[in-house]
Each structure stands twice: as structure tokens, then as C-alpha cells.
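Working notes, structure below.
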Amino acid sequence: MLKLAKHTYNSFTKWVYNVLYDQVYQRKLNSPLGYMTLLFVSLVIAVGVAKIHFLVGIGIVAGLIGIATVFACLFETKLGFYLSTGVSFFVFYLNRMVNDALPVGILIDVMIFMNFTGIYFRKTLIRERYWQYSKNPITYIYFIYLAFMLVEAFNPSMYSIGGWIFAFRKYLNFMMIYFVALHVFESFDDVKQFFKIWLSLCALSGFYGVFQQWVGLLPFEEYWVVSDPLKYRLYFQGGTIRKFSFLSDPTSYGILMASTALSAIALAMGPVSKKHRRYLLIGALGMMLGMAFSGTRTAYAMLPAGLVLYIMMTITSRKTLAFAIISTMVFVVVIFGPFHSNGTINRIRSTFQSEDESLNVRDVNRHYIQPYIWRHPLGGGMSTSGVGGEIYNPGHPLAGFPPDSGFLKTALEAGWVGLILGCILYFIVMQTGIRQYYRTRNPELRTYYLAIMVNIFSMIIANYAQVAIGQIPGAFMFYGSLAMIIKLRSFDTNTQTENKSVLNKTELK
């Protein structure tokens, strides 16, 4: 009976997929069924505009665009992944135009889910193994953490299961991004293509932040900031409004710009043409300026931390030694230079001053909450701290307590057991990437390993001061980078195998 039900389900799944694929992707709705569908949609739009409101027509058109995007995510894995990445950059910008009326999170979740579902359908049709790229330490540790998340559902300290569902859904989204990326990066050219798209989007975001600083916010952006007193108080620092570009907030913007600028610098220092090096350095400059104008002190610390890792991994290169000297001189001038009237530079300097008030408050909060962490090995439960705690677990001891750090949030909600597991996870990621960097002999692959590792390392550093890992759109780069670490090794192996076969043929001749 079970086998019959499974067979029926698989047959129905294949039928639905084949019909949609044939009508939408192959025929482009150029068929009787397609004509009927378009006629029906046209009638619905006409009736909606005539009988209800003209905004109904706009809403339906927007819905059709959304449906087309969903179909792209379902049938074209690579295109869907790139679309999801691009939409995640600009969806907050569009949301500000309507004063945060759009369900942004749901939109991104649906696109990720449809992208992942498309892989499932494709593998079902071609009878390919579902977990083809899963035999590696990074996947293993993430599955272990997934099992730990399931255990957290039974945490007795948690007041509501709703908060756990929210956190678990978010974690599943990250896992889906990771597995989709494993299937998107089928060749080294795919990795290069993703980097081109990502760097272009980040450079555009960086220069738009510069536009906001030098020209000013657009009217709808300014209204979005000043309409909320709390938001205005957080954004107005040092006599100016912190810039956020297309992203959700200045913190996410600054962190994203810092991590991606590091990747651009690492690629520019590699074996690239002068034209590409020029583009990379211009993009990195725009990102660093955007980072500076965001007023995000965490981002200011990320940049030197990532550069230190880059210098340590390439210390034997003369180019690196020259770069290290120049970088150190620039850092010293910015921190100790004789100019004190610039608000942006003053905020950068405050990052490296131990007497800063906000940093001291965070240290006090960490010491205050440590006894609770020690008494609760599994933590207080998912979504019990901060604003999430007030929403899902009101009255909880952690509700409203500010988890200013990603590591602190993990310790509060998942306990010291979850914190240890999370640290092991990041250690395995760093160890795997750095080990593969030193094992490969391909200069281009080594450059991409460097670009990935400085990005990931800077995000881990940022997670100490902010909830940095998992923010949209940065999650696409972070979890995509994990997939790239795994797949780059296979590209290197393929290259070595091809070289060996060529040598063997030459020797036989």
C-alpha cells in the first residue's frame, strides 16, 4: 500500500512538472491552454480595474511578474538562484517606497523554496541521487546542527513553539541556499559568473550609498527614516544619517560592503588582467566608501581583520608585503591623523577606542547574562531573546534582552552546548577552506579560495559584535561560499586529472 501511494505521488509529481515545463518553458504559453490562461488573466484584470480600483490591476501585474519569477526559480536552477540573489538586494528598496507594506521575508522564502523544489523535481525525473554533493565535513556539521535544532523544539525553558518554528524555518532557508548553490556551481565558470554578479550588485550598492551621502536621501527614503522616532534615533549619528543604500538597514549594508570589499581586493591581487584589476579596485573603493558612510563600527573592524588573514595566507609574496606596508600606513593615518572635524572618520576611530560607551554597555550586558547561560545548557529556546522574544515568548526572562552579538544570541537561545557546536561549525568551515587553499597549485583557484575565506572570516568576526551571519542578502554569499569551498576542490581535481591524461598521452607518443 505504501509503495503504491509513493508510486502515485511520484507519477503525479512528474505529470505536474512535465505539464508546467511544456506549457511555460518550452511553448512559452503559445498553445490553446496558454491562450485560455492569458485570456482569463486579461478578463480578471479588466474586471478588477473597472469594478474595484485601479490598484487591483497593478497588483495583478505585479503578481504575474512574481509568478514568472517563481517559475524561473522552479525550472531554471541557475537563473532562479541569480534572480533570488538580485531580488534580495532591491526588495527592501521597493518596500521603502510603500512604507514597508510588502511581505519581503515571505517573498524571498518562496523564491528559495521554489529554487530548491526545482532541484528535487529535476533529480526525480532524471533519477539522480538527491544527496550527490553531501559527503563533506561542512555538510555533516550542518546536519548535526539541524538535529540539534530539532532537539531544541523540546526545550522546557521555551514558552511557545511558534518562536522555534520561525527560527527553524530560517535555518532551513539557509540550508536550501547552500544545497541550491551546490548544484548551481557545476563548473569553475559558474563560480566566476556568480562572483561577477555579486561584485556588480555590491559595487552598485556601494556607489548608491555614496550618492546618498553626497547628494542626499530621496524623499521617500527620508520619510522612511524620520517617520519612526526610534529608527531616526538609531540612524542619526554624528550629525548625519547613517546610509543604507538598497539594503534593509545601515548595519547590514556596512557588513556586506566590508566583507565583499575584502573579496574584491583579494581577487584584484591575483592573476587578473589590468582591466579587470581596475574594475575590482574601483568596485572595492565604492564598497569601502559605502561601508564608511554606513556608520557601522562592526564593519570598520571587519576590514582590518580580513586583511590580516589575507596577509597571513600570502605572506611569502612580495606583492603582499608591499600591500601590507601600504595598508598599515593608511590605517595609521586614518586613526591618528591630524583631522578631527570629519564625523565619518571620528566614528571609524571610535571602533578602536576601548572607552567607547556603547561597547562598554555591551560588555556589561554580556557579564550580566552569563549566569543564565551557565544554568541553561540548551538555552532559553529559539526566539526567546530580543524583539523576537517579546513577540513569540512574552514574559520570558530573555524577552527584550538585546542580543547584540550572533554568538551571544546563540548562547542565550541554544545554550553553551549550541554555542560550542556553532564554534565547531565555523572552525570546520575555516579549516576546510584554508587547507584546500594550500593544497591546490592552480593560481586562479587559490585566488578564489582567498576571496572566499577572507569574506567568511570577516563575517565570523562580525558575528561577535552583531547578528551578522544570516542577514539578507548576505546569506546568499555566505552559504554560497560554503558550497564554493566544496566544489572548487572538484574543479581542481578535474584539472589535475586532465593534465595527467595529457602527459600520459604525450609519453606514449
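Glycine is treated like the rest: Cβ placed from N, Cα and C.
Predicted automatically and left uncurated, TrEMBL annotations should be read as such.
Copied over from TrEMBL:
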type	residues	note
TRANSMEM	33-50	transmembrane segment
TRANSMEM	56-74	transmembrane segment
TRANSMEM	79-95	transmembrane segment
TRANSMEM	101-121	transmembrane segment
TRANSMEM	142-162	transmembrane segment
TRANSMEM	168-185	transmembrane segment
TRANSMEM	197-215	transmembrane segment
TRANSMEM	253-272	transmembrane segment
TRANSMEM	279-300	transmembrane segment
DOMAIN	284-421	domain 'O-antigen ligase-related'
TRANSMEM	320-339	transmembrane segment
TRANSMEM	411-429	transmembrane segment
TRANSMEM	449-479	transmembrane segment
Establish whether the number of Cβ pairs under 8 Å between the transmembrane segment (197-215) and the transmembrane segment (79-95) reaches at least three, counting only pairs separated by 6 or more residues.
yes
For the transmembrane segment (253-272) and the transmembrane segment (411-429), check the count of CB pairs under 8 Å (sequence separation 6 or more) and say whether it reaches 3 or more.
no
Roughly where does the domain 'O-antigen ligase-related' (284-421) sit in mean pLDDT, to the nearest integer?
88
Take the C-beta pairs under 8 A between the transmembrane segment (279-300) and each of 168-185, 320-339, 449-479. Which stretch has the highest count?
449-479
Could you check whether the transmembrane segment (411-429) packs against the transmembrane segment (79-95) - three or more CB pairs closer than 8 Å, residues at least 6 apart in sequence?
no
As a test: from 79-95, 101-121, 142-162, 320-339, pick the stretch that has the greatest number of Cβ pairs under 8 Å with the transmembrane segment (168-185).
101-121
Sort out the residues at least 6 away from either end of the transmembrane segment (449-479), same chain, that have Cβ-Cβ distances under 8 Å to it, and list them.
84-85, 88-89, 108, 170, 173-175, 177-178, 181, 195, 198, 201, 247-248, 251-252, 255-256, 258-260, 262-267, 270, 297-299, 301-303, 305-307, 309-310, 313-314, 362, 403-407, 409, 426, 429-430, 433-434, 436-437, 440, 485, 488
Intrachain neighbours beyond the transmembrane segment (320-339), with Cβ under 8 angstroms and 6 or more residues off its ends
269, 304, 307, 310-311, 314, 345, 348-349, 352
Contact set of the transmembrane segment (79-95) with the rest of its chain, CB cutoff 8 A exclusive, min separation 6+ beyond the ends, reads 69, 72-73, 101-102, 104, 107-108, 111-112, 114-115, 118, 180-181, 184, 194, 197-198, 201, 205, 246-248, 472-473, 476
